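Here's what TrEMBL has on this protein:
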type	residues	note
BINDING	ARG156, GLN250, ARG471	substrate binding site
BINDING	GLU172, ASN174, GLU388	Mg(2+) binding site
BINDING	GLU172, LYS330, 384-393, TYR395, 420-423, GLU446, LYS473, GLU479	ATP binding site
DOMAIN	234-327	domain 'Glutathione synthase substrate-binding'
Amino acid sequence: MSQQQLNLSSTTTNIEVEVVDNSPPMTLPSFNDYHQIDDKVLENIVYDALVFATLNGLLVGDKSVERSGRVPGVGLVHLPFSLLPPPLPETHWKQACDLSPLFNELVDRVSLDGKFLQQSLSKTKKADEFTSRLLDIHAKMLEMNKKEEIRMGLFRSDYMLDEKTKSLLQIEMNTISTSFSGVGVVMTELHRNILSHYGKLLGLDSERVPVNTADSRYAEALAKAWKEYNNPRAVIIVVVQGEERNMYDQHFVSAILREKYPFLKINQEGEILPDGTLSVDGQAVAIVYFRAGYTPVDYPSESEWRARLLIEQSSAIKCPNISYHLVGTKKIQQELARPNVLERFFENKEDIAKLRKCFAGLWSLEDSDIVNEAIAKPELFVMKPQREGGGNNIYGDDLRETLKRLQKPGSQEDAAYILMQRIFPANTASILMRNGFLHKDHVISEFGIFSTYLRNKDKVIVNNESGYMVRTKPSLSDEGGVLPGFGVIDSVYLT
């Protein structure tokens, strides 16, 4: 397999501002002072940040340009980002990083319990067509007694720090198409670059922004999985959406891969050989890496569903396989938070306690007491469907009205949702950049820890924390998705 490593630390030319600095030695910053930065200094920081973003690929296709999601280099605009990083206590940062191997192992163990997955999602299956189709594929694999001897996951566990309890609480575990492993690295380097130039003036130390190597760690895990497949002529395929404005994030990782095909081609040109090998255009496929397939819009016809089934039936390494995909559903997250369920998968009480400590409140809509409480106080809850990709959660008055509607006799639609405790992080002052313009606002942040997992039968080859990304949004905003326009990409400053 030919490999091509993208060097994010390549030489760039940035405008430096000469500052006469007679300030005392650096101290820990006051993060509420970001809005008080001198206008001239701020103007220079903004300029340098935009140059760095453009030179280093912190880019996305402009949705106002028709071909920006199909043709590289057309309609480029910088990804919305935070000019300076928000604070996070280092103890909570380390806690999240240390949880990564445990969550990796949890996903793998749950994925092997087909009965648990099918039973836990049985009511959801009746209420949610998309989950039902995924479960049908999973059931066929169980009927075939299909064994995934080489299992691989590129995951991301998302967290918020609850201000009232000072507790690190998990938002969700993403097991398919974990985004921003590429541009998240650029974002980190942007903040480290800005602070290396302006840090003394601002009272900030660039070394307090953790180094981020998510893209190279993902690429390394894929390369190791390819080696385990043990066919030097086999290729890696990245399954992508036909229209993807965030294609540049994908290219940071896929730059080292041999092949890249849109989803449909696997069905049109793929076949399973007698030995189980997935073959596309006459080439054996070692790994199918999904950057699509997580939302119903990725399956506009039966052709895409046949493609997914074909992949699952083959001996190719799936990243993720159908079982890993299902473990990432909101319903399974809620089931794992129930009393005594973790004990089904772990014996070590210390590991169980570490995992359970970061669980937020999660409930089925079968819990009438919680449903009634959520109707009375909707601001304390989030209602989540079995969907990925952002913009799907329900809040406030909409949550109350949806719960009332679902209480009608005979309705099974409530099984398509879960309720989650709403987490309230601390507000911080921030400067947000979108389309070249700055906007001062008070924000909250959610940070995700990437992780990599690879095993061959009983041998665990990779089980690591593998970098991070941060999404920041105005504190009055419910949703935080960057591409839908709610939030911005960010990094973190350890305090």
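Just so you know, glycine gets a Cβ as well, placed from its N, Cα and C.
Recorded features from TrEMBL, shown on the structure.
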{"residue": "ARG156", "record": "substrate binding site", "Cβ neighbours (10 Å)": "27"}
{"residue": "GLU172", "record": "Mg(2+) binding site", "Cβ neighbours (10 Å)": "19"}
{"residue": "ASN174", "record": "Mg(2+) binding site", "Cβ neighbours (10 Å)": "19"}
{"residue": "GLN250", "record": "substrate binding site", "Cβ neighbours (10 Å)": "22"}
{"residue": "PRO385", "record": "ATP binding site", "Cβ neighbours (10 Å)": "19"}
{"residue": "GLU388", "record": "Mg(2+) binding site", "Cβ neighbours (10 Å)": "20"}
{"residue": "TYR395", "record": "ATP binding site", "Cβ neighbours (10 Å)": "16"}
{"residue": "ARG422", "record": "ATP binding site", "Cβ neighbours (10 Å)": "21"}
{"residue": "ARG471", "record": "substrate binding site", "Cβ neighbours (10 Å)": "23"}
{"residue": "LYS473", "record": "ATP binding site", "Cβ neighbours (10 Å)": "22"}
Subject >> From GLU172, ASN174, PRO385, TYR395, ARG422, LYS473, the binding-site residues whose CA lies within 10 Å of that of ARG156 (substrate binding site) >> reply: GLU172, ASN174
**OP:** Going by Cα-Cα distance, pick out whichever of the binding-site residues TYR395, ARG422, LYS473 is nearest to GLU172 (Mg(2+) binding site).
**Re:** ARG422
**OP:** Determine, to the nearest whole angstrom, how far the Cα atom of ASN174 (Mg(2+) binding site) is from the Cα atom of ARG422 (ATP binding site).
**Re:** 18
Original post:
Hey, does DSSP put GLU388 (Mg(2+) binding site) in a helix, a strand, or just coil?
Top reply: coil
Original post:
Greatest CA-CA distance (Å) over the residues ARG156, GLN250, ARG471 that the record ties to substrate?
Top reply: 18
**OP:** Out of GLN250, GLU388, ARG471, point to the one nearest TYR395 (ATP binding site) in space (Cα versus Cα); all of them are binding-site residues in the record.
**Re:** GLU388
Subject >> Structural state of TYR395 (ATP binding site), classified by DSSP into three states >> reply: coil
Original post:
Given the model, what does the mean pLDDT over the domain 'Glutathione synthase substrate-binding' (234-327) come out as?
Top reply: 83
Original post:
Can you list, in sequence order, the residues of the same chain other than GLU172, ASN174, GLU388 whose CB lies within 8 Å of the CB centroid of the Mg(2+) site?
Top reply: ARG156, ASP158, MET173, THR175, ILE176, THR178, GLY328
Subject >> For LYS473 (ATP binding site), the three-state class that DSSP assigns >> reply: strand
Original post:
Looking at the binding-site residues PRO385, GLU388, LYS473, whose Cα is closest in space to that of GLN250 (substrate binding site)?
Top reply: GLU388
Original post:
If you measure ARG422 (ATP binding site) to ARG471 (substrate binding site) at Cα, how many Å is it?
Top reply: 17
**OP:** Report, in whole Å, the straight Cα-to-Cα distance of GLU388 (Mg(2+) binding site) from LYS473 (ATP binding site).
**Re:** 18
